[in-house]
Amino acid sequence: MKDFMQSTNVEYKEDNKKEKEEHVENFADIQDSIQQQEKMEKDIKKKDKIPFWSEDPNILFQQKYIFEFYPVNSMSYEQKLNSITRLVLLLILLSYIYSGNIRILVIGIVTVFAIFLMHYFHNKEKEKRESKRIVESAKEGFESPALDYLRENNLPVPDDVFEQPDSSNPFNNVLVTDYDYNPNKKPAPPAFNKDVEEDILTQAKKLVSDANPDHPDIANKLFSDMGSNYNLEQSLRPFHSNPSTTIPNDQGAFAEFCYGSMISCKEGNDFACARNLARHIN
């Protein structure tokens, strides 16, 4: 009986081991398939995107798009500019062949350059809006794809959105004095941003200098090598910006957030009034 139980346990362990190995293999296969699918989707998006002619001049003469002379709503912004450029080139060519006037070529060059400037400033404005949107979404302080995008690209932080670090408050947390002297305090910038991190370190060093006015160059002496700077960065690890770095002072909104959806008998809600009825009769 004992030998039978031992053999059964061995078989059971072997079966479990095989099942675990199968699960691991299946999971690895699923991961590979997901990665392949994502790669295919990225390739498809790259193929579907039509570049502007400044990135690929051959796009103006490709057989697939060569008869696109008028922009329509279904086209992308780059495709519309390509079609307008194609139409301008065609009109300039026909006009020059008909008249032979050199001014027509000058007008054509100026027009094409104006189209290029339209595309350039459109991209700049698009990047600016995207940067502002990401920064606005990062104000809440929660983890999101916007924060990952900020970490990866180290986007510049606008000066008018966040409170800039200073030596008296490098992490821009709310101080007691802010309630009287700075009630409209702006939020702290994201400390994970490369530029903001450097500003915090600079202000921390300045704090040391301000605390020792008799030694104005003490920061240069203390943080002159890599080891000292590393120790400074490690010493700042316990410090961080709080989740809320502003002074909203909106008591009504806070009460609405806490109790706004609660029902009460005072409002005439039957369910709330029924809670006050006696449940037991002696």
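Cβ coordinates come from backbone N, Cα and C, glycine included.
Taken straight from TrEMBL:
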REGION    1-22  region 'Disordered'
COMPBIAS  1-10  compositional bias 'Polar residues'
COMPBIAS  11-22  compositional bias 'Basic and acidic residues'
DOMAIN    52-118  domain 'Minor capsid protein P9 transmembrane helices'
TRANSMEM  81-98  transmembrane segment
TRANSMEM  104-122  transmembrane segment
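Listed as Cβ neighbours of the transmembrane segment (104-122) (distance under 8 Å, sequence separation of 6 or more from its ends, same chain) are residues 52, 54, 77-78, 81, 84-85, 88-89, 92, 95-96. With helix defined as DSSP H, G or I and strand as E or B, the domain 'Minor capsid protein P9 transmembrane helices' (52-118) counts 44 helix, 0 strand, 23 coil.
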